[in-house]
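Annotated in TrEMBL:
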BINDING   30-37, 147-150, Val176, 184-187  ATP binding site
ACT_SITE  His37  active site, proton donor
BINDING   Gln61, Gln153  (R)-pantoate binding site
BINDING   Gln61  beta-alanine binding site
Amino acid sequence: MNTVNTINELREQVRAWKAEGLTIGLCPTMGYLHEGHASLMDASVRSCDRTVASVFVNPIQFGPNEDLATYPRDFESDCRLLEAHGVDLVFHPEPAEMYADDFCTFVDIDVLSKTLCGKTRPIHFRGVCTVITKLLNTVTPDKIFFGQKDAQQLAIIRRMVRDLNFDVEVVGCPIVREADGLAKSSRNTYLNPDERRAARILSRAIRLGQDIADGGERRSGKLLAAMKEKLVSEPMAEVEYVEVVNGENMQPVDTFREGDLVAMAVRIGGTRLIDNFTVGQPPIDFQEGQSNAD
Ligand code: PAF
């Protein structure tokens, strides 16, 4: 596995692979990798001849009061995971390589970025779309891989790819969970043992929502009321939102159907966690009494 730090080196490798007629998969990440990221790498390695992973904490997708400075980083451990999962090339640029001092061109997306996380993170998706555009322009991959945990991000990238005619297939990979149900996230590392235990409430609420939807309920209000009640039963949980939105345009729906998205953001202590399910997906599985925090 090779590591490159510059756009020119990355382009050079991509050109050589394309000259050999090889297909390329791209897995963009911000590092501090876990099994959720590994599942993206595995999906790419299975379906593409070569896999490129980027490890870059993208400053322009963080708001002024967010966790850019403290975002966890461990590049050596990331490289071990990437190598073990068959990644061919890691792109690990410095911020200055991606954004010149006078950088002023952004890719913004309307409508889909205004709901859910977009309400409290107004510049976040502009930052994501801009960095993904730069990566797509540099790697020109056949496929690009994202986790379903960031469901709004995935919907936004799908729409951006369609609207701007990027010649790439966007592949969404299922959420990977801890044994006790908590969705894997680099930010889980912020949780102290009490918070980690309390964080199980997100997957409990997801499971409750799935059971209610599977039971035939189609009124968003009823579903959300039950899920919120579950969430607030955990004293450490502060609900930012729980919403049901159309699975493609991310707009709230009063009655929902298969393919719609039920998504939440909840703070446990100072840590903002997100989770979701798509209506019609099989129910999530976890061990009820089990906590990885115990
Ligand atoms: O999901 C992430 O880790 C980031 O938003 C991404 C897609 C790597 C862009 O910086």
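Glycine is no exception: its Cβ is also placed from the backbone N, Cα and C atoms.
Curation does not apply to TrEMBL; its annotations are automatic.
Overlay of TrEMBL annotations on the structure.
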{"residue": "Met30", "record": "ATP binding site", "Cβ neighbours (10 Å)": "19"}
{"residue": "Leu33", "record": "ATP binding site", "Cβ neighbours (10 Å)": "25"}
{"residue": "Gly36", "record": "ATP binding site", "Cβ neighbours (10 Å)": "21"}
{"residue": "His37", "record": "active site, proton donor", "Cβ neighbours (10 Å)": "27"}
{"residue": "Gln61", "record": "(R)-pantoate binding site", "Cβ neighbours (10 Å)": "21"}
{"residue": "Gln148", "record": "ATP binding site", "Cβ neighbours (10 Å)": "19"}
{"residue": "Gln153", "record": "(R)-pantoate binding site", "Cβ neighbours (10 Å)": "23"}
{"residue": "Val176", "record": "ATP binding site", "Cβ neighbours (10 Å)": "18"}
{"residue": "Ser186", "record": "ATP binding site", "Cβ neighbours (10 Å)": "19"}
Please report the three-state DSSP label of Met30 (ATP binding site). coil
Coarse DSSP state, helix versus strand versus coil, of Ser186 (ATP binding site): helix
Rounded to an integer, what is the Cα-Cα distance in Å between Ser186 (ATP binding site) and His37 (active site, proton donor)? 10
Taking a cut-off of under 6 Å between Cβ and any atom of ligand 1, tell me which of the binding-site residues Met30, Leu33, Gly36, Gln148, Val176 pass. Met30
In whole Å, how far does the CA atom of Val176 (ATP binding site) lie from that of Gln61 ((R)-pantoate binding site)? 23
Rounded Cα distance in angstrom between Gly36 (ATP binding site) and Gln61 ((R)-pantoate binding site) is 20
Which of these recorded positions is closest to Gln61 ((R)-pantoate binding site) if you go by CA atoms: Met30, Leu33, His37, Gln148? Met30
Could you give the Cα-Cα distance between His37 (active site, proton donor) and Gln153 ((R)-pantoate binding site), in whole Å? 15
